[in-house]
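Some notes on the structure that comes next.
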Amino acid sequence: MKSIFGVLLVLMVMSIGEAELKENFYSSSCPNVESIVLQAVNAKLAETQTFTPIPATLRLFFHDCFVEGCDASVLIASPNGDAEKDAPDNLSLAGDGFDTVFKAKQAVEAQCPGIVSCADILAIAARDVVVLAGCPSFSVELGRRDGLISAASRVAGNLPEPTDDVDQLTAHFAAKNLSQSDMIALSGAHTIGFSHCTRFANRLYSFTPSNPIDPSLDPNYAQQLIQECPQNVDPLIAVNLDPTTPTIFDNVYYQNLVGGKGMFTSDQVLFTHPSTKPAVTNFANSPSRFNAAFAAAMRNLGRVGVKTGRQGEIRRDCTTFNS
């Protein structure tokens, strides 16, 4: 009886947290927050004059939500190197993503001090960057508070790996109360961005003893990757996740999967597995269906593990907990 009560209490807290998220959360306290964040995102892109802040900010949102929930815990900096961002799985997060959020927070604080959480700013910025890359706009639910825990030790096992199969991917997302449909749609984020060669080199040189190159790879694409990622290449070398339209947010990622051009095992299995192949084919054939599914999945992702009320705080500085 006691354990059942505990489970019910947890479910009540989770549902209350989600219920408190709403699109117009700051309509009275900081009505211009979304335009302030968008202006800061545009300023960051103009400053860097590169595409990097766009995939970097989107990836930052995903990594944040999948560990402690969407609570900006990934933004905390530790002098001891033991915060969430210091975990091995997070060391490849690009600095431009962090800087985009930090600059947006500074701009928001200048007009609405102590009102808007870093978690909400990250959620808004993640939407803004994909829209700037070509995704149709969608609304973002707000009202998150910033988390009170950020530990490198809590990251392992929470993030999907590039070697995962469909069952492993589905389990990772189910653990966050996200469906297989959400997983397939959110994988479409790989239509932009890049990865380091070490993340997929096993598919080129050591897939199996009899097949060093993964046979599910299109042969021409495999040779392209081998040229870009020769053995013992500098680990900092990065390759576009989408070899066709790497800076445009579109459904070409799914068309690539149909053609055997998924960079990671976790990409290509979405087309080769019977449970996920129909959705991949559907998205490959219809940009509008992918865009709608992606927007819905991003809203669902944004509800994962949110902190509301006394569960968190409104950080003055995204990199440090309030005193």
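Using N, Cα and C of the backbone, Cβ positions are placed for all residues, glycine too.
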**Selected from Cys112, Cys118, Cys135: TrEMBL disulphide partner of Cys30** = Cys112
**Recorded disulfide counterpart of Cys65 (TrEMBL; options Cys70, Cys118)** = Cys70
**Prompt:** Measuring Cα to Cα, how many angstrom lie between Ser73 (Ca(2+) 1 binding site) and Cys318 (disulfide bond)?
**Reply:** 9
**Fill in**
If you tally other C-beta atoms within 10 angstroms for each of the binding-site residues Asp64, Asp71, Glu84, Asp242, the top scorer is Asp64
**Complete:** Quick note, Gly69 (Ca(2+) 1 binding site) and His63 (active site, proton acceptor): C-alpha atoms separated, nearest Å, by 9
**Fill in**
Other C-beta atoms within 10 angstroms of the C-beta of Cys112 (disulfide bond) total 16
**Request:** For Cys229 (disulfide bond), list the number of other Cβ atoms lying within 10 Å of its Cβ atom.
**Result:** 22
